[in-house]
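Peer 1: There's a structure below that I have some questions on.
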Amino acid sequence: MEIKMAKDYGFCFGVKRAIQIAEKNQNSLIFGSLIHNAKEINRLEKNFNVKIEEDPKKIPKNKSVIIRTHGIPKQDLEYLKNKGVKITDATCPYVIKPQQIVESMSKEGYQIVLFGDINHPEVKGVISYATNQALVVNSLEELQEKKLQRKVALVSQTTKQTPKLLQIASYLVERCTEVRIFNTICNATSYNQKAALDLSKEVDIMIVVGGKTSSNTKQLLSIAKQHCKDSYLVEDENELELAWFKDKKLCGITAGASTPDWIIENVKQKISTI
């Protein structure tokens, strides 16, 4: 099987930084899952004794705590500070940016519209910085059902697709008196998505490697399927199915921002033997 890798794929700056932080802070707790890749989390726990804790009330005083890449709600961060735990913040700088924008714009009286998944930890963290109730929408259709104010500020979950953000921005501009638009989709996400789109037009089958709970990985799969219907998401080489590759000659591979090189290489090696 011939293999072609996407031009851009895999670990982004924020994930690399977070993993380095975890490796340097052995025996710490991580408040929530550091990244959305279970196998890499297991590696960190096994080799560096960093463990996940989801409940801030269960974190002991004076304990070393790492904040996940997606950030956490403002009230949880304040709780940890008041409790006296030692905080190491691994929040991606690209996530901190929309947090700051939401806080600033809501204080100025803008209604916050956030394009994202309301259940995603990044989104939960970002909207916690709003001083008034924020609207969270995952599509233009969802936005069309919402009541809008005259002054609106638009931000996005960092892993969303730019064309869909532009659709929402256009809708708001047509209906609101004043609209502030902030493109908070991170550069690495945009590059990876474009590379996946370009590659999907060339190949017979596309394999997306990454965690099944990872937003950016699921976006890559969605993009790949636009031009390559035989696109599949796998967490590692063990999930590859031989039947997928029947009568296929060229396989494209991309990977989510939380996918380590060692997993990508294992997938690549197995496909090369088919």
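Glycine is no exception: its Cβ is also placed from the backbone N, Cα and C atoms.
Model, not experiment: these values are computed from the prediction.
So Swiss-Prot says this about it:
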BINDING   Cys12, Cys92, Cys186  [4Fe-4S] cluster binding site
BINDING   His36, His70, His120, Thr158, Ser214, Ser215, Asn216, Ser258  (2E)-4-hydroxy-3-methylbut-2-enyl diphosphate binding site
BINDING   His36, His70, His120, Ser214, Ser215, Asn216, Ser258  dimethylallyl diphosphate binding site
BINDING   His36, His70, His120, Ser214, Ser215, Asn216, Ser258  isopentenyl diphosphate binding site
ACT_SITE  Glu122  active site, proton donor
Peer 1: Ranking the binding-site residues His36, His70, His120 by other Cβ atoms within 10 Å, which is at the bottom?
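Peer 2: Ranked by other Cβ atoms within 10 Å, the binding-site residues His36, His70, His120 bottom out at His120.
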Peer 1: Using Cα-Cα distances with a 10 Å cut-off, which of the binding-site residues His70, Thr158, Asn216, Ser258 are near Glu122 (active site, proton donor)?
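Peer 2: Of everything listed, what lies within 10 Å of Glu122 (active site, proton donor) (Cα to Cα) is His70, Thr158.
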Peer 1: I want the residues beyond Cys12, Cys92, Cys186 whose C-beta is within 8 angstroms of the mean position of the [4Fe-4S] cluster site's C-beta atoms, in chain order.
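Peer 2: Everything else in range on the chain: Phe13, Gly14, Val15, Thr69, Pro93, Tyr94, Val95, Thr158, Asn187, Ala188, Thr189, Ala257.
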Peer 1: Quick check: with His36, His70, His120, Ser214, Ser215, Asn216, Ser258 left out, which same-chain residues have Cβ atoms within 8 Å of the centroid of the isopentenyl diphosphate site Cβ atoms?
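Peer 2: Near the isopentenyl diphosphate site, the remaining chain residues are Ile35, Glu122, Thr159, Gly211, Thr213, Thr217, Gly256, Ala257.
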Peer 1: How would DSSP class Glu122 (active site, proton donor) in three states?
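Peer 2: Its secondary structure by DSSP: helix.
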Peer 1: Give me the Cα-Cα distance between Cys186 ([4Fe-4S] cluster binding site) and Ser214 ((2E)-4-hydroxy-3-methylbut-2-enyl diphosphate binding site), rounded to a whole Å.
Peer 2: 15
Peer 1: Could you check the binding-site residues Cys12, Cys92 and say which one's CB has the fewest neighbouring CB atoms inside 10 Å?
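Peer 2: Lowest Cβ count within 10 Å among the binding-site residues (Cys12, Cys92) is Cys92.
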Peer 1: Going along the chain, which residues six or more apart from Ser214 ((2E)-4-hydroxy-3-methylbut-2-enyl diphosphate binding site) have their CB under 8 A from its CB?
Peer 2: Ile35, His36, Asn37, Gly256, Ala257, Ser258
Peer 1: Of the residues named as isopentenyl diphosphate binders, His36, His70, His120, Ser214, Ser215, Asn216, Ser258, how far apart in Å are the Cα atoms of the most distant pair?
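Peer 2: So the maximum pairwise Cα distance among the isopentenyl diphosphate binders is 15 Å.
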